[in-house]
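To start, the structure under review is shown below, and the notes come after it.
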Amino acid sequence: MTPEGSLLSAEGLHKKYGATPALDGADFSIHPGEVVAVMGPSGSGKSTLLHCLAGIIRPDSGTVRYGPHLLTGLNDAQRSALRRTDFGFVFQFGQLVPELTCLENVALPLRLNGTKRKEAERQAREWLERLEVDTVGGQRPGEISGGQGQRVAVARALATRPRVIFADEPTGALDSLNGERVLTLLTDAARDTSAAVVLVTHESRVAAYSDREIVVRDGRVKDMLAGLI
Amino acid sequence: MSIGHTLLGLLESGPRHGYDLKRAFDAHFGQDRPLHYGQVYSTMSRLLKNGLVEVDAVEAGAGPERKRYAITSAGITDVTQWLARPEKPEPYLQSTLYTKVVLALLTGRDAAELLDTQRTEHLRLMRGLTERKRGGDLADQLICDHALFHLEADLRWLELTSARLDRLGETVRA
Amino acid sequence: MSPLRSPAGGRDGGAGGPTGPAHREPPAVPRTGPRTWARDLAMGMRFAAGGGRAGWIRTALTAAGVALGVAVLLLGASVPSLMDAWHGREKARENLGQEHDPKPADDTLLHTSVDTTYRGAQVRGRLVRPDGARPPLPPGVRRLPGPGRMLVSPALKELLDSPAGALLRDRLDYEVAGVIGDAGLLGPAELTYFAQSATLREADAYRIDHFGRSWDPTPMRAPAVLLVIMTCVALMMPVMVFIGTSVRFGNERRERRLAALRLVGSDVPTTRRIASGETLFGSLLGLAGGAALFLGGRQLASVITLWGINVFPSDVTPGPLAAALIAVLVPAAAVLVTLFAQRGVTVEPLGIVRGRPAIRRRLWWRVALPAVGTLLLLPLAGERPWTDTAPNTLRLAAGSMLLLFGVTALLPWLVDAVVRRLRGGPVPWQLAIRRLQLSSGSATRAVGGITIAVAGAIAIHMLLTGMQAGYAQAYAESGKVPRIGLWGGADSWPRTQKALTALRATPGVTAARGTIDANIGRLTGPGNAPSHDTHATVAVGSCAELRTLARITSCRDGDVFVTDARDPDSPVRAGATIDLNPRVGTDDRATPRPWKIPEAARATALRAPGHGPGLFSYDLLLTPSVLDIARLKDPDVEFQVDFDRDTPDAVEHLRNTAAHINPTMNEFSAVDNPHDQQLGSVRDGLFTGAVVTLLLIGAGLIISTVEQLHERRRLLSTLDAHGTRRATLGWSVLWQTAVPVVLGLGLAVGCGLGLGSLLLTMIDTPVTVDWPVVAGMTAIGGGVILFVTALSLPPLWRMMRPDGLRTE
């Protein structure tokens, strides 16, 4: 594996939950503008790998490097700050704050970064437009469809113009048509801003939107591209 | 499906009589069509000719069916190559993939690896289809979708098989 | 037929082909008889009992809430019987004499009260001297103690045996011969003794032939009635609110389970009944727990003294009717609250449909409640003085209940109205406000309890303070000079002189003066109209004592002085003949005892003429040799003793000296204001009650907050993934709690002050606001906000962990 020129890379990640190892020496690297699908059977450690890469959890051992930063060497506050500014997230369920309007939800990460409310909401409106859901801006998440909700979530992940977008089963709750549209919009937007996308999925049709895939099995990562070379 | 490779694979776990080979084949792969003994005999002859198997022993005072076959090192290499080679994604691939998985297990090889290799092959094709779909017109999209769904079904089956490998392994080795 | 076919499908099929072989009868609509009710309630109870750990926690919470409520209700229901028992024992042991004493006989005794105060604590004492061998005995006393011996209450025994009781031991100069039984005590903490004195004079005592009399306690005065009513209202209402809140604990999870029931085919009324059954189980447990809590808690009765009332645990027994009502009504109310909570909520097979996404909080009935309450109370305020009649009491209770309840009803509307207008602000504020905009129900329900508790407490406290302000002022005025007055029966001047010497020798005493006082009257001879109303007062004392009363220049024993206090009608003048045995009523047949005031009587001016503390109104001053004290009618000795406040226990030493002079001597002083002590204990009780209520409500808030956090675990993890600071979410929890609590407290303070002012106007007392108490209550409310937030933070941090992101 050659982390050279890579935006985000990890080496020898180990993580245990109790006695169960979730990661057992996992390596990873992604380049700017690259979409990497993370596949593997359920329970193989896909999500744990994503959480470690994003600095949500700290691995027991191993290193995660993001640009010049050694992510695994930062404290919780620093990692939180990095997640606010440089990373974006899309999950399968329950990510929109139900009591905020869609527009406010998209503006939320910008506001967490300290952007003024007016400006944050202006930018949020643009993203909603781009994700083709500008009509639901004033509505609450409970009042819109799942597909619309997921687009709002993607808009929110993109709003801070993150360098890396972490998507964990982003279309898991959507039908094929909506799922494809969301993936197209997500990957297009990511490529336009040359953001890297870490796309955790168990669906090959979703993985087909990636540039390459890696397989996590028993806490280890197999890079299929490297394997083929 | 290659009967030759399958029989070779079965021999990898140890020398067997022709009759044993037929029984093992039927038990693991012959649900639909049990193997005729003649097929075993002719296949073995071909493999003998290619030097992939050898006659290990012949029991005295008996007919041709009393030969015991053993795999040669050339035979092992051949099986390995066959197993590692991803099948070209196409419909109705399952029986071949299944045979490969079972043989990989029987011979103590990493079946997961086999599945991952196959998935990469599938994904390579699917990426092309997805790309074509993104830029294509409605007809393109529909055609691509059809192919994509079939390929996905293959892979789903692969995933499922992969998830069941442990249990399968116990059954096969039993 | 497909098992998936719905009943509706079956009916459609039936219409198409009634004779079709596959046709199934549409299911009969079940009749909801009592049996169905019982079945569904029982099923709900089974769910509650078998709901696993989470189910048990929820049931336990409901049970705990109901138990607390039931315990308080049982306590409230015990008050009447408690007071009956208390008054009953009081009646049975007293007899302070009849107008016409019985003749001395074998079964009579002389009886007098020798109450004293020891370091602010009242000590009840009774002194007897039997006339014969079969004296009557009060309850709790099996045999009269011998002369110079006494029976004591256990509490007094403990005090006397302790080092702290040393001075009192000196005062109660009797040998302890035993302990008074419980039947003779008002409560276990009562300090009382029952002694036999061989020297008790008839003049100092009453002769009685039995203990106990049909003596009814003086009815409580109107302000006290007001106070009791208000306390009941303020105490009961939060309990009701708390019961209402606690039966809703875990509502959201319960609804999910009910949705599953709907999926397998139970209809809406059935699910509601099942839900009620679950609550019923919790509240039945709570009922049992409440009874246990009550039985355990009443053991504390012996150590609690409130309003000077201290009782035995066994006195705290609710009336059977009240107990039965509580046992029936609390579970019934729990079921009703559950049914009520589910109005507007439809449990559908695949989830919960909140029937009315935004319940329009209508203003009119919320305003109507306090308005009607105020209308009921206002005319009462106009009626002066307020009289304690049944309709008035009812009106007062109803009015204040409506007012307080109206405040809770008004709160959700207020929170809604305020929150709706709020927008913008920093992220935590925005999150909290939006949350409240979407559903403020659970928070305001809990806060409603705070509102009532605080409003009630403030109103009660204002009432109390207003009532006590008068006493406090009077005591403060009287107590300015460190002085104690003593008075008792007098026999001779030399003994009075000795007593004065003893008092002056007592440590801490700076000055003492004393005279023997008596009433005299106009001599009514034939032709003279009865003139019992033209009394005058005489003081007998040495020249030194008389000089403290009037400006006397020269004085020798044998001198007589006529003061300037006499009114024109007074019989007192030099040379006049007066009656030393004046009649005290028109039917008094006292024989006149004429005495001529010597012609040599000189005029003198009183130092401080008038009526009141420190003022004298004597008409005639005599030196001891002028008149035999025995000729006077009921002569009293009166001492005024000044003491030094800085000498420790000066008052107690002084009382000891007085007790040795004559134990039946009475004291009047402003040293200990008993009202202060009463106010203090009530204030403590009130504060304790308010704190407990607020903590209860805080507990409810924590549970609903944590429950809400739990529901939102995934969301919280997501927000954490986005890099949201913990502080951001912590603050949002704080605001989310603070906004309703602050609004509730504001409403409560306003309402409490209003109600308090109204009540004070009713008892004709100037309205004063006790700001420290208002501040105290508000501080407690603020404390609850912090308490809830602080305790919600650890679960919040836990929910923010990435575990919530797992899809499994």
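Backbone N, Cα and C atoms are what each Cβ position is placed from, and that goes for glycine too.
A TrEMBL annotation is a machine prediction, not a hand-curated record.
Here the structure is a predicted model, which means the values were calculated and not measured.
Marked as region 'Disordered' by TrEMBL: C:1-35 (among others).
If you look up TrEMBL, you'll see C:10-19 marked as compositional bias 'Gly residues'.
Annotation comment: TrEMBL describes C:55-77 (among others) as transmembrane segment.
Annotation comment: TrEMBL describes C:224-247 (among others) as transmembrane segment.
Sequence-distant contacts of the transmembrane segment (C:280-301), counting only residues of its own chain at least 6 positions beyond either end whose CB sits under 8 Å from a CB of the stretch, comprise 41, 44-45, 48-49, 58-71, 73-75, 78, 187, 243, 246-247, 310-313, 315-316, 326-327, 330-331, 334-335. The transmembrane segment annotation in TrEMBL covers C:280-301 (among others).
Annotation comment: TrEMBL describes C:321-342 (among others) as transmembrane segment. Residues 41, 62, 66, 69-70, 73-74, 77, 243-244, 247-248, 251, 272, 275-276, 278-280, 282-284, 286-287, 290 of the same chain lie 6 or more positions beyond the ends of the transmembrane segment (C:321-342) yet place their CB under 8 Å from a CB of it.
The transmembrane segment annotation in TrEMBL covers C:363-382 (among others). Here the transmembrane segment (C:363-382) has Cβ contacts under 8 Å with residues 392, 395-396, 398-407, 409-410, 412-413, 751, 754-755, 758, 761-762 of the same chain, all six or more residues outside its ends.
Per TrEMBL, the feature transmembrane segment maps to C:394-415 (among others).
The annotation transmembrane segment is assigned in TrEMBL to C:443-464 (among others).
Residues or ranges marked as region 'Disordered' in TrEMBL: C:572-593 (among others).
The transmembrane segment annotation in TrEMBL covers C:686-706 (among others).
Helix, strand and coil counts under DSSP for the domain 'ABC3 transporter permease C-terminal' (C:690-800) come to 97 helix, 0 strand, 14 coil. Taken from TrEMBL, the feature domain 'ABC3 transporter permease C-terminal' covers C:690-800.
Residues or ranges marked as transmembrane segment by TrEMBL: C:733-759 (among others).
Under the heading transmembrane segment, TrEMBL lists C:771-793 (among others). Away from its own ends, the transmembrane segment (C:771-793) comes close to residues 450, 454, 457-458, 461, 465, 687, 690-691, 694-695, 697-698, 701-702, 705-706, 709, 730, 733-734, 737-738, 741-742, 744-745, 748-749, 752-753 of its chain (Cβ-Cβ under 8 Å, at least six residues beyond either end).
Confidence in the domain 'ABC3 transporter permease C-terminal' (C:690-800), given as mean pLDDT, stands at 79.
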